[in-house]
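Engineer: Structure provided below as structure tokens; questions to follow.
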Amino acid sequence: MQNAEAAPALLAAHGLVGRRGGRRPLDLNLRPGQLVHVRGANGSGKTSLLRTLAGLLRPRRGEVRWNGADIHADLPGYYLHMAHLGHDNGCSDALTARENLRYALHVAGAPRAEPELERALRDWGLAAGADAPAARLSQGQGRRLALARVMLSRKRLWLLDEPDAGLDAASLQRLHGMLDAHLAGGGAAVLASHRGGGAWAGCTQTLELDEYAHAEVVGADCLA
């Protein structure tokens, strides 16, 4: 992994104010190997921030840039490099777990060979029920399937909203390993979670949001 501080920013936000307003402008420069952990109570704006960084919401003020270019100038091009995981696992109940994984990766422009799909299903504990309708998956199983999709996408930037929701201890450990490998390979991530900052290995920054729309930055490597 290259030196994060010396590398140019992959994702940058300048003077960012969300649709609700009321928060001081946020500046962010996320470089290869860096992770920003966004914390805050329900309603503090974590999901809105991630959706704004993903290009799903337009900010009230400011801009989000990928490799120096405004993401809204070429959203399809941005999506070739970014994987977003929201609260919804994005699974079709009519498809099996295996079909969901195969189809989602194809749509994301990141198709994978069958052996890779099988290995991911096995590693995430989904192999036994891989050919059953996804409607039968528990919330935790659905989350693991969504994480397998993010991992196999190999996108440079991951935007993850509560990725640990519904995970057991073993799956949480696998998520940590997945993040470590992503960062070590030069990837970057913004992750929203209620868990303490120390829970995420490789976390270089913590952004604290509160219900009054205040933002407090802990550390100064990639947030200002």
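Just so it is clear, glycine is given a Cβ too, placed from its N, Cα and C backbone atoms.
Not my notes, these are from Swiss-Prot:
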DOMAIN    1-220  domain 'ABC transporter'
BINDING   Gly40, Ala41, Asn42, Gly43, Ser44, Gly45, Lys46, Thr47  ATP binding site
Engineer: Can you give me the average pLDDT across the domain 'ABC transporter' (1-220), rounded to a whole number?
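Structural biologist: Mean pLDDT across the domain 'ABC transporter' (1-220) comes out at 88.
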Engineer: Could you say whether, by DSSP, Thr47 (ATP binding site) belongs to a helix, a strand or a coil region?
Structural biologist: helix
Engineer: Taking the Cβ of Ser44 (ATP binding site) as centre, how many other Cβ atoms lie within 10 Å?
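Structural biologist: For Ser44 (ATP binding site), the 10 Å Cβ neighbour count is 21.
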Engineer: To which of the binding-site residues Asn42, Gly43 does the lowest count of other Cβ atoms within 10 Å belong?
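Structural biologist: So among Asn42, Gly43, the binding-site residues given, the one with the fewest Cβ atoms within 10 Å is Asn42.
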